[in-house]
């Protein structure tokens, strides 16, 4: 080969090697630990530049593991966990590694029981021994011996990273990599499979459907019934608009309720009792309202007053419980803060509009009563 072409060839190879991100260039194979520990199995985890190594001992169901996060800084926390209840954060039996206030790499176990975990030391559902952490050349590594049960030989794994502010643990990011840091592991066969974000997607769908139905359409339907019928030109159009809006809200709400039931069945170890109970109550109230529409007495019927009291009471109770439960859902789902702010803005807007329309309605009603009284007075004088 011509010398000039050789120079060009090796220059291109060098440039290509420089363009490859370190997270892509690294693999679990060939890494040497400072303690010269050797592992028979390893896995290049698909996101967050992370790697898992282990030796499994079937005679006593133990596994020596090492979790390595490349590209970590001294103010980064990393965690690796097993979660028999699902490919999700809540329910994870986690091992956490970070630099303590003295700058020393530290590791301990912490069970994740909510979307806002304390990250404080705690016992896991299985025993962990020989736990330690080390930091070298941007690699944060935690070592542990897991004392497994037969149900944990093949299970779900979760890993995560975040930043620290002093000694406080900041929440991890919610981007695509952090949301996809789940999968399965079989310690015996050495198989690892990347997880899907299907559960997160279902949660987002569940939240969106319920926020739109119970939190937006339902209040709008009530406002149509209360404030449009005062205008004579809107009669009976207000009733059909009210019925259409509430029926749409009910259909979408039932779909959201159904996704919630599915999420519950997919996560048997996770329970949100308050959120679930309010959701069931809302479904019952909304279903009662649908049947109330079918058995609505005529305006001059002797039972119409009692029907109105029932219909209005259940309707307003549904709106109040809906808003409470949507905020419960925000706390559980823990989405980006902008979504909670957007929903709060919508509620404030609807509330301000309702207050304005309430004033206008009373002005119209009192003006009409005054006009009727005046006409009676004039007719009486005549």
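Numbers run from 1 along the shown chain.
Cβ atoms here come from the backbone N, Cα and C positions, even for glycine.
The feature heme b binding site is assigned by TrEMBL to 206, 242, 275, 311. Per TrEMBL, domain 'Cytochrome b561' is recorded for 168-366. Among the features that TrEMBL reports, signal peptide is placed at 1-25. Summarising the annotation, TrEMBL assigns transmembrane segment to 237-258, 278-295, 307-327, 342-366.
Every protein chain shown contributes to the tally, and the Cβ of residue 206 (heme b binding site) ends up with 23 other Cβ atoms within 10 Å.
Within 10 Å of the C-beta of residue 275 (heme b binding site) we count 19 further C-beta atoms, all protein chains included. For the binding-site residues 242, 311, the largest tally of other C-beta atoms within 10 A is found at 242. Of all residue pairs in the heme b-binding list (206, 242, 275, 311), the one with the greatest Cα separation is 27 Å apart.
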